[in-house]
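What follows is one structure encoded as structure tokens, with my remarks underneath.
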Amino acid sequence: MDSEALRKYSALHPKPAGLTLQYGTAGFRTKAEQLDHIVFRMGLLAVLRSKAVTGTIGIMVTASHNPEEDNGVKLVDPLGEMLHPSWEEYATQLANAEDQELQKVITEICQKAAVNLNKDASVFIGRDTRPSSEKLSQSVIDGIQVLGGQYHDYGLVTTPQLHYMVCCQNTQGQYGKATLEGYYEKLSKAFMELIKQSHCSGESQRHLKIDCANGIGALKLSEMKPYFPQEVLIHIYNDGTKEKLNHLCGADFVKVHQKPPGGLDMKPNERCCSFDGDADRIVYYYKDTAGHFHLIDGDKIATLISIFLKELLAKVKQNFRMAVVQTAYANGNSTRYLQETLKVPVHCVKTGVKHLHHKAQEFDVGVYFEANGHGTVLFSKAAETKIRQLVKEEKDDEKREAAKMLENMIDLINQTVGDAVSDMLVIEAILALKGLTVQQWDALYTDLPNRLLKVQVADRRVIDTTDAERRALTPPGLQEKIDALVKKYKLSRAFVRPSGTEDVVRIYAEADTQENADALAHEVSLAVFHLAGGKGAPPQP
């Protein structure tokens, strides 16, 4: 390690006094002007991680659905998955070290993680369209070069595209070609193969309006348009030419406010969807003839995909284990429908993509979506091999056709991470193959009315939870109080959990009517305020 170069470059990216940040599920996220030293140091860390695993590591500069002024950075592990939890701690240590301690902390990480500094290192870099992203990715490059790493800068890409590239690179091209063309070709080919097998006609089926949150999704969808077949008519809105990123638009805005984004005119019964700022989440929606807005969130996306996969799995007659993984935020009626009507096992895990992804890996076919629209499907190696073998060797026509569809689904789905572009194509293919309208999809089950609230507290750590965050262990008396409140309403449930990023407690409640869901959420928020050290004035109904 060249300590002179490290000192010199570190001085160009000094750490502001008194700033401490924590590497969480989304990496680091804060105001863009506070991030320069962080991204430089993540460039250093990516080189160390690459040497430790002897593979290419990804670094994405993005703050996803946060406002345009924010930015962030996260690392991508060799198979396109999120950074290993033990390295999240190293990231936090490195980010918060004082400038003069930097070399010492690097040496400690090398010892703890058995990093051989003489090995080669390779890092892929991507960034979103924020004004601050280009300069920050330059700082990443400084960090990589100080420790002698090689890098490839992909420039503007969606977060899932970078995950995809990293996976392709480390599987020696087995997952696909590590280029944008490779990504577009693989997805469009699988999509076209799938809809070729659709027997329903009807041009109107294929019109789709897409709100791209004024982000990177618009750029990449436009690039991908030439790869689509004629009958796919996508109309891009909020493409970033006029308005600010994520401002009054995007998947997060639509999900939280339960209303259409600005900048997109909806006619009755038109199919519309929204990406978030870095295109790793998607939600669908439409307006009915009476003008009512209907949101189709991650739970309903998971349900549609599960119906389709379950039918195909039944046709290929292999004993594949399939399950859906949800969090406590999943609507109660979606869980009921999956378990009781579809007879698909459902597992509940703690909030955070890494928990969902990890659980989904236990099955031959693991479907996971958060209600916010982030999700994907994972196929076990054994299931994938068997399906590809059936396509080649199966004599029975129906079985072979079903296996072929499954094979195309495997190629169309980005298994590394939730991907709005890939998920959109999966959904469009399923709707076409099943001849479903957006209304029929929505009518599979009716969501229970629900309400999300948050309460500011002095210290979020006073709340500790169990049972995949569905029950509170501390403070004493809180869970008993919630249980008593829930008993007052029909079809109701409620839970509280500390935020991962700020001193607030998040509250979720659902019940048979919106009025009851609102009342329950408010009563629970009062209980949290009084028992968990609320700040400021008590919550108002």
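Glycine is no exception: its Cβ is also placed from the backbone N, Cα and C atoms.
The active site, phosphoserine intermediate annotation in TrEMBL covers SER64.
With a cut-off of 8 Å between CB atoms and residues at least 6 apart in sequence, the same chain places SER64, THR158, THR159, PRO160, HIS374, VAL417, GLY418, ASP419, ALA420 near ASP280 (Mg(2+) binding site), listed in sequence order. Residues or ranges marked as Mg(2+) binding site in TrEMBL: SER64, ASP276, ASP278, ASP280.
Less than 8 angstroms from the CB of ASN372 (substrate binding site) sit ALA251, ASP252, LYS255, ARG281, VAL283, ASP297, GLY298, TYR329, each of them six or more residues away in the same chain. As annotated by TrEMBL, substrate binding site applies to GLU370, ALA371, ASN372, ARG497, PRO498, SER499, GLY500, THR501, ARG506.
Mean pLDDT of the predicted structure over the coiled coil (388-415): 96. TrEMBL lists 388-415 with the feature coiled coil.
The domain 'Alpha-D-phosphohexomutase alpha/beta/alpha' feature in TrEMBL is assigned to 55-100 (among others).
Taken from TrEMBL, the feature domain 'Alpha-D-phosphohexomutase alpha/beta/alpha' applies to 106-166 (among others).
According to TrEMBL, the domain 'Phosphoacetylglucosamine mutase AMG1' annotation covers 178-283 (among others).
Under the heading domain 'Phosphoacetylglucosamine mutase AMG1', TrEMBL lists 297-435 (among others).
Feature annotation from TrEMBL assigns domain 'Alpha-D-phosphohexomutase C-terminal' to 452-525.
Listed in chain order, the extra residues whose Cβ falls within 8 Å of the Cβ center of the Mg(2+) site residues SER64, ASP276, ASP278, ASP280 are THR62, HIS65, ASP128, THR158, THR159, GLY215, ALA251, PHE275, GLY277, ALA279, ARG281, HIS374, ALA420. Taking H, G and I as helix, E and B as strand and the rest as coil, DSSP gives the domain 'Alpha-D-phosphohexomutase alpha/beta/alpha' (55-100) the counts 14 helix, 14 strand, 18 coil. Of the recorded residues, ASP278 (Mg(2+) binding site) and GLU370 (substrate binding site) place their C-alpha atoms 16 Å from one another. Across the structure, GLU370 (substrate binding site) and ASP276 (Mg(2+) binding site) place their CA atoms 14 angstrom apart. In this structure the alpha carbons, written CA, of PRO498 (substrate binding site) and ASP276 (Mg(2+) binding site) are 24 Å apart. Taking every recorded stretch in 55-100, 178-283, 452-525 and counting its Cβ pairs under 8 Å to the domain 'Alpha-D-phosphohexomutase alpha/beta/alpha' (106-166), the highest total belongs to 55-100.
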